[in-house]
Every structure is written in structure tokens, then in C-alpha cells.
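The structure appears right after this line, and notes come after that.
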Amino acid sequence: MDYELGDEQLVGKDELANGPTFEDLAIDDSLSDLQRVTKYVCSNIALQRVIHVKMLQETARSVGFQATCDQLLPLLEPLVCDVEYVVRQHVALQFPPLCRFLLEVDPDTGYRVLLEKLIPLVTKLVSDEQHEVRSAASESLVEMAALVKPEDQGQHVLTIVLPLAHDDDNEQFRISAVTLYNGLAEHFGPELCQQFCVPELISLSEDPVFRVRKSTALSFSNVCKTAGQELSRERLVPAFQRLAKDDIWGVRKTCAECMVSIALALAPTDRGPLLIPLFESFINDSSRWVRMAAYQSLGPFLAALEKDQITVELVNHFISMATTAATQLGGSGEVDIKFHCAFNFPAIVSILGASEWNKLSPTFELLHNDTFWKIRRSFAYSLHELARLLGQGITETQLATAFDSYLHDVQDVRLGAMLHFADFLENVSPSFRESYLPVLAEFDSFDNSTKWRFREVVSGQLAQLCRTFTPEATFSVIYPLVFKLVTDPVAVPYFMD
């Protein structure tokens, strides 16, 4: 078994100078896994402890339920208090798989062990002084909460979070509490969520420390979904709106990034009236970073709205991502905003429909041959979808020009166009399709072994191409290509296995 460590720093500089010798790190191969774990998790060498902590879940499954309860679980208590935070971090990650194993083998006894022994131990790690340990323990607690019965959530899980949220002296604990409320909301269920999570989040959204407010903005979505659309509209959205006007730009930026998840948690009829004004404020924010976050979220935000809620101003904001907005943001922001515009472009066409192509066409013309290859690559991978949405006329007059150029572009762009070559041709007329036969013939010249990925992409579309072209074209162009690909040197070893 391979128990590799990551790159974590286990010891200080002084200890590195006088670190363990090879003999110290040697493992007694005569020991069973259970004996190894029992011996080496108590080692004086942190590296040994980490390695064998990571063996806990596998060892539990190999030795069985009773041996796990009698010999492995007692090891956890000293480990959660280990002097090395990396050991505590890895111990925290072992709890969910151990819980699942115990419940699989003996649901009744395993459940009692979960409530009476394992959750109390995780509680210590959730309030650990080290961020990495708290983060790992919080993730594990959320996984463990999924195994706890609804009637036990309040007593055994919620009571862990409440003290953290009310620790006025430690902002990091309050941040952990906010994250946990969001992660645990679905396990708490509507009643506990409405009774505790909602008022707690509202209170934390007014915390004097901006880092807590920022974390709160990140944590609304799951609570909104669980608490219900009506309560979210009446109580949580007003708190989110206050955060969206926070004095600290970092809090406002987080709100702009989270707006889509908030929208999806609300009733469709409430999304536009409640959130469009917020989006407009983000677009006009004094902070460049807030504006950039708003533009990055615009495509998904439009997709979350009802079609009749999408205003002309919102569409104009999207179009401006290819021109004025990108220029105003400047530098890397210009490229980033253009990329988001290109990436979301097919979805916006799908939402607005082909009837609105006249508004969107100039944006496509600006971006499809942009000098930045990642923008072109985004279109190369989605042109077939645009063709399906817009129909033969627009495909042949506008999209085909871009498609042709992508077939001779840099490798990453070209691969995107070739990957959907057959899909694109299905959306043009038979006569127009025939003009691509010479392109197919060019595929026959991919002799360079470094281009085997292109040949693989073509080979995966041969059946579709045969159905797309006439029998004559299939016999004269596609058949020779099939024969060549069947005897491809890269394919031969594969077929011989």
C-alpha cells in the first residue's frame, strides 16, 4: 500500500537540521497493519504519526468492527490533541470514512459510537487554533452530519456550531461557524434552519469584522434553499442587500460573486425584482474588482432569470463585455471579461433566441477572431451549438467563416473545431456541406505521430460523417480515411492487446 505524504511542513527549521535518521524512519515489516498503526501513531516522529494516521480507515476495514472499536478508536483521543497540526489535520479527515464503516457493519452500535465518541472528538478539532485543522474538521463534520438522524441534529451537531458563532473574542471561530451553517443547512432541515441558521446568519452579516461579513455573504445559498423561498425573500435577502452595500469593497465583491447562487435559491418571480438593482449597483461600483466580479457573473445571472425579466440594459451590459467594459477594466481584466463573454455567449443566444441575433451578431464578429487564443478556443468548442440554435442561414453566412478559420488555427483552437466537426456539418445544407469534403481529405494527411490526438478525434466521428454525407462522398473521401485510420500505427498496439 502506498501512503504518500503531501508537501506539508511537518517540523520546524531547527528540527530539520537535527531530523530523524534513516534508522528512525524504518518500519518493522513483521508487524500486521493493526500492530503498525497501534505502534507508530504513538511515535515521537511526526512523519511516522502522519503516515499511520492515514492508514486508519483501511486498517479498520481489514481488522473488522470489534477490533476497530477496541483498539483503533482509543487512539483517536490523543491524536486530536497532537502537538503537530498536520497530524491533527489528517486525523480530522479520517472521521467520515471511519463512521461510514462502523454504520455499514453494525448500524445500531455504529450509530451510538458516532454520537457518543466520534462527534465529540471532531468538536475539539472544529475549534482548533490552526486554520488547516479547523477547515478539515469542518468538512468532516458536514460529512458526518449526513449520517446523523434528523431528530439528533439539534442536540449533537447544531450545539457544536452555536458556541463558535457566539465567540466574540475569536473572529476565526465565527468565520468557521458561518461556513458550517451553510454546509450543514440541508442536514438540519427546514425547521432547525429557520429557527437557528437564519437568525444566526443575519446576526453574523452585521459583524463588526469585515472578514466575518465577507464569509457570511459566501454562506447564504444553502441556508436560503433549506429555509424556503418565502423566508429567504423576507429575511435573508434584506441581509444580503445590506452586505451588497458594505463599505468594504471585498464584501461587495463577494456578494457579486455569490449573486447567482442566491438567485437560484429564490422563487423565479422574485429573482429579477430583488437582484437586478443589486447587479446594477455592482456594475457601477467604484471598485474595479467589484465591477469585474459582476461582469464575470452576468452570463449565469441572465440564465437564472425569467426571460421576461431580462432587461435591455442587462443585454447591453453583456454586449459591452466585448467592447467598452473590457477596455475600462484594462490589462488582464480586459482579456478575462472577453473570455467570460465568449464562454457564456451560446447560453445567452439560447435564452434570447435567434430572433435577437441582430443584437448579438456584432459581439460575435468582434470576439470570434480575437487575438487571444483562449477566446477563440471557447467559440471553437461551441460553434456547433450556435449553429443548432441559429439555423442554416446564419450558420452558412456567419458561423462557417469562423469555423473555417478555426480548422487552421493553433492546436488548442483547432482541436475544439475538429471535435465537433460532424455536429457542425449537420446544421448546414447538403450542398454547403459538400464544400467540406476537401477538408476531410486533408485529415488523411495527418502522418505526424505527434498529431495522433487529431486522428483520434476524427475516428470518433466517422460513423456520424457517413450518415451526414452522400453515399458517393462517403465512398470517395471517407472510406479511404477509415482505411487509413484502421491501420494507424498508434491504433495497432491498442487492437493487438
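The backbone N, Cα and C atoms fix where each Cβ goes, glycine too.
Database features (TrEMBL):
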REPEAT    118-156  repeat 'HEAT'
REPEAT    197-235  repeat 'HEAT'
REPEAT    236-270  repeat 'HEAT'
REPEAT    275-313  repeat 'HEAT'
REPEAT    360-398  repeat 'HEAT'
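Over the repeat 'HEAT' (275-313), the average per-residue pLDDT in this prediction is 95. DSSP places the residues of the repeat 'HEAT' (197-235) in helix, strand and coil in these numbers: 31 helix, 0 strand, 8 coil. Across the repeat 'HEAT' (236-270), DSSP classifies residues as 29 helix, 0 strand, 6 coil.
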